[in-house]
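In what follows, a single structure is set out as structure tokens and then discussed.
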Amino acid sequence: MPAKACQDATEDSGLLKLLSALFYAGSSFLITVVNKTVLTSFRFPSYMCLGIGQMFATLVVLYAAKKSKAVQFQDFDKSILLKIFPLPLLYVGNHVTGLASTKKLSLPMFTVLRKFTILMTMILEVYILRKSFSKQLVYSVAAIVLGAMVAASSDLAFDMEGYIFILLNDAFTATSNVYTKKKVGTEGLGKYGVLFYNALFIIVPTILASAFTGDLNEAVRFEDWVKATFIFCFLMSCFMGFVLMYSIVLCSYYNSALTTTVVGAIKNIAVAYVGIFVGGDYLFSWTNFIGLSICMTGGLVYSYLTFNNKSSGSNTEGAPELKIHIIQDSIKKYSLK
């Protein structure tokens, strides 16, 4: 009986991992398309104000849910800032650079250059979470990066500012994923506390920065506020901003930071090829398309290796951690001699 209960618990855990991953993939795909519509199709001038709207939606939804006792998380006190740091800084950096790069780059190029997040996440997990990876996974990541470089080398709509924003977004995303995995288990915060206090700590500084740079003024003077279609897309982007952040925290809670990044890569496969036909800002070239395909193939191989290892039971993330513990124990023994 205990063995059967253990098997059922394992199956339930596997299902939660899969569902949280699919939820993140779907949310990430939808918000990319909606943000692209708002910033490119409608030419909304302020990606920073769009981010503020997404933060505000997060605060409203979670505050209402807490008051109605639908969710629970710690009330504000002096310990909150120390518990959650540096996530608020990473959160705002990820928001601003992500929206800026979405506006500057075509969907396929945005997708390709986002692949560098996987490499950055692997490096950060090695140094911060003390994990190790098999050669097959390293080679698949190398293929992803190679494909991204090939595709980017022939980008006919090259935009230096856009490339800087997307690489910064990669760094912020990778660091945020790793630290989210660490912070989501912090006593008193949990999934909802991480989301709420992230938005709470950064929304006012972001509004001030937007006002100082003139970004807020441009948003207020935007002509399409009278159009119902734009208002719908803007509100949808704000709500999807909350949904995306929740899905990231949920996926990181049930999986690893690396798995969250891999799921993002799977989603990008759909985004890249849809962007070739939707959006109107993709300039076709064979070199770019081949590089894009190499990158996507590497992403599929990487995803297969990752989820195949997870499904094999014992060959999970516990193995690298065991290896590290053995190394650390041996170091301690030598230091005692």
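Cβ atoms are placed via backbone N, Cα and C, with glycine included.
What TrEMBL lists as domain 'Sugar phosphate transporter' is 18-303. According to TrEMBL, the transmembrane segment annotation covers 21-38, 44-65, 80-100, 112-130, 137-157, 163-180, 192-213, 225-250, 257-278, 284-305.
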Same-chain residues near the transmembrane segment (163-180), Cβ under 8 Å, at least 6 residues beyond its ends: 86-87, 90-91, 93-94, 97-98, 100-101, 104-105, 110, 113-114, 116-117, 120-121, 123-125, 128-129, 152, 194, 248-249, 252, 257, 260-261, 264
Folded-back contacts onto the transmembrane segment (225-250), same chain, C-beta under 8 angstroms, at least six residues removed: 20, 23-24, 26-28, 30-31, 34-35, 37-38, 42, 44, 50-51, 53-58, 61-62, 91, 95, 177, 180, 184, 191, 194-195, 198-199, 260
Top Cβ-contact partner of the transmembrane segment (21-38) among 44-65, 112-130, 192-213, 284-305 (pairs under 8 Å): 44-65
Contact ranking winner - 44-65, 80-100, 112-130 against the transmembrane segment (192-213), Cβ under 8 Å: 44-65
Cβ contacts under 8 Å made by the transmembrane segment (44-65) with residues that lie 6+ beyond its boundaries: 35, 38, 71, 73, 92, 95-96, 99-100, 102-103, 192, 195-196, 198-200, 202-203, 206-207, 209-210, 213, 215-216, 218-219, 222, 224, 230, 234-235, 237-242, 245
Averaged pLDDT, computed only over the residues in the domain 'Sugar phosphate transporter' (18-303): 81
